[in-house]
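K.L.:
Below is the structure I would like to discuss, written out as structure tokens.
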Amino acid sequence: MKRLVIALTTLLAVTASVLAAGLLVQSRGPFERAFARQQGAHLAAGFDAAKATADQVAATARVAGVTAAAGPFPTVGIRPRTVAAHPPGEGGLGAPPSVELPPVTIVGRADPGGAVDRLELTQGRWATGPGEVVWLAGTVPFELGERFTAGGTTLTVVGFARSAGQTAQAWATPATVEALSGPRGFQMLYRLASAGTDADVTAARQAIAAAVPPEALTDAASYLTVRRVAERMAALFLPFVVAFGVLGLVMSVLVIGIVVSGAVGAQTRRIGIRKALGCTPAQVARRYLAEALIPAAVGAAAGVVLGNLAAVPVLAEEGDVFGTGATALAPWISVVVPLGALAVVAVTALVPALRAARLRTVEALAVGRTPSVGRGRTARRLLGRLPLPRAVTLGLAGPFSRPGRSVTIGAAVALGALGVTFGVGLALSVGGVQSALNRRDAGDVIVRAGRPGGPAPSVAAVRAQPGTARLFTTTRLELPVAGLAGPVQTVAFDGDASWATYEILDGRWFAGPGEAVVPTGFLTAAGVRVGDDVMVGGAVRLRIVGEVLDLRSDGIRLITDGRSLAGLELLDGFPEVHVDVADGTAPQAWADAFNAGHADLHAEVNTGELSGTVVALDTLAGTLTLLLVAVAGLGVLNTVVLDTRERVHELGVCKALGMAPRQTVALVLTSVAGVGLVAGLAGVPAGIALHGVVMPAMGRAAGTRLPPSVLDVYGPALVTALAAGGLLIALAGALLPAGWAARTSTARALRSE
């Protein structure tokens, strides 16, 4: 039993440590590792085929500072158009047929390999035949196998690929690219000797531009832009991963120490017997060190295997969010973690073994036979006065007999309760963020137009549809804003949207023309505050009246009443009508009926968004919380096993005096109940405090403040339930030895040492 418990404890501790260490390592520099693995391009340059030949473009590979190059690859600019309507699946478009999408450049590559920018397929296969296209993973407007048209040619998406530097939106065979009609060009991919700063990449771009005819270089994308986005996503995960990783490592070390030191310490009488037979202290210490290390080594080896297997789906989720792909654990983790665990086992086994080996033989033989004078007697006497069954009072007094052991197991349970509290709070907060973000797309049904234009025709069609209760429209536009570089995505509302406002962080929702609300990212980038004015389109002044939660476009968006923009010359956008259906009307039935009568509009039920980041966070939190609880429960199991076996003679006396099996179970369970309850009461506030530090840090990494509804997730009922978590962990760990104690016969217990 002792060897099995040591092996299981080491197995779970090493599993948790391998996973925690792997997450900590992967969360540091994920983009750099993926970029190095794929030989990513520091610079992706596009050239106009009408102003430079393929040979002239290929010659840029010899420009000073270029260490490797790939290309020239033929390119063509297209305007994809949907073929069939479908609801939005994972990455799907969710649009009516014959909708023209934003322009896309397709690059002709015969295979995904090469000296620069080695693409990694995430789904499907590489394009090998005519009309086949591979799309950039993570920015997919289509589903696998979906068809779309470009200039009369039908293309099929046969795969999705990941490019560390996101060098293109789509790829096809060179023959497919040549067969398409549209603006033609070439793409070259470069790795540079010096590319650590924007100035380095800019200097390389200027040298390349000088090596080709004037105006031949049409665009040049730096990998630094993609790296900044990846680093921001890594920073979002880092506080959470570090918190759980450190918890897992500390818990593993603590529980290994508890189990091994308890197991060796429990053999003190046997050590006295061996000394009486002539064994030296060194021989005794070596023997018990080996008895601890051998099962621990077996458990550590199994833990490495299990940890690597458990890391596969977890790292895949994290890699998808980082945009770096699934990666295996660093090999050194599978070596360092088990060696560290065995070192902890050796130290925790050696200390009690040496202490027992140095005892005089008579003292060692007396351990377990002579009770410690006075220890726990006062607690038993005081608790015995309570109006409780005797078995319960004896159990409650148990921890006072071995206070050191009680404190250590209490610490393990407290850490488990801390992890559960933090994990539950994290899941609730992340779910709250997702719910708050989903308020950006309100309504039971969303109706989208297939062609640009004003919202009036769409609104008229929706109002005429039976079952419509209320509606408003939004139109996305690109407008210049003073103080910000480049156009800013502007959302123009028309109609009464008071029932569908964004999550307000500060201020209020706009009440009419001349007012706007913006996300945190806008305020930061523009250097303004709520109450300031901004100039839009060079002619319209808007007063910022509120700060809202929105992470699209890095939070650099402007949301206002459509009438605020009446003085501007605007290009037509694609209006969306947000509809709430009447009571008694099923949203899907409303959408089906609407689509049947309108070929140029498309209605779909608003199911809300489920971010991949949310899925990844929930997966990580759930996995690591379960591991922490399992390790804490195993620590309790070991402690109760030792305590029960040491007191088996005392239990036999109680049974001889009439204690029933159910009373024996009650005695064992209540011996850990008090420790578990106190540990839970200590661990829950610590978990709440950790949540209060980590969640705002994650919000800052995402570039936004978080509303109180997301941060204040611990209500009285939840705190009460979490406080009982420590008690449940302790009782679950004690259940097996309690059953063993109840089944042990009185005669066998009385004969035991």
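Placed from the backbone N, Cα and C atoms, the Cβ positions cover glycine too.
Annotations for this protein, taken from TrEMBL, read as follows:
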SIGNAL    1-20  signal peptide
TRANSMEM  236-265  transmembrane segment
DOMAIN    243-358  domain 'ABC3 transporter permease C-terminal'
TRANSMEM  292-316  transmembrane segment
TRANSMEM  328-351  transmembrane segment
TRANSMEM  409-430  transmembrane segment
TRANSMEM  620-644  transmembrane segment
DOMAIN    624-739  domain 'ABC3 transporter permease C-terminal'
TRANSMEM  665-693  transmembrane segment
TRANSMEM  713-742  transmembrane segment
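Give me the structural setting of these features: burial, nearby parts and distances.
P.N.:
Residues of the same chain lying 6 or more positions beyond the ends of the transmembrane segment (409-430) and with a Cβ under 8 Å from any Cβ of it are 240, 243-244, 247, 250-251, 254-255, 258, 614, 617-618, 621-622, 624-625, 628-629, 631-633, 635-636, 639, 672, 675-676, 678-680, 682-684, 686-688, 690-691, 694-695, 706, 710-711, 713-714, 718, 722-723, 725-726, 729-730.
Secondary structure of the domain 'ABC3 transporter permease C-terminal' (624-739) per DSSP, as helix, strand and coil residue counts: 102 helix, 0 strand, 14 coil.
Sequence-distant contacts of the transmembrane segment (665-693), counting only residues of its own chain at least 6 positions beyond either end whose CB sits under 8 Å from a CB of the stretch, comprise 239, 243, 389, 391-392, 394-396, 398-399, 406, 409-422, 425-426, 429, 636, 639-640, 643-644, 651, 654, 659, 711, 713-714, 719, 722-731, 733-735, 737-739, 741-742.
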K.L.:
For the domain 'ABC3 transporter permease C-terminal' (243-358), what's the model's average pLDDT?
P.N.:
75
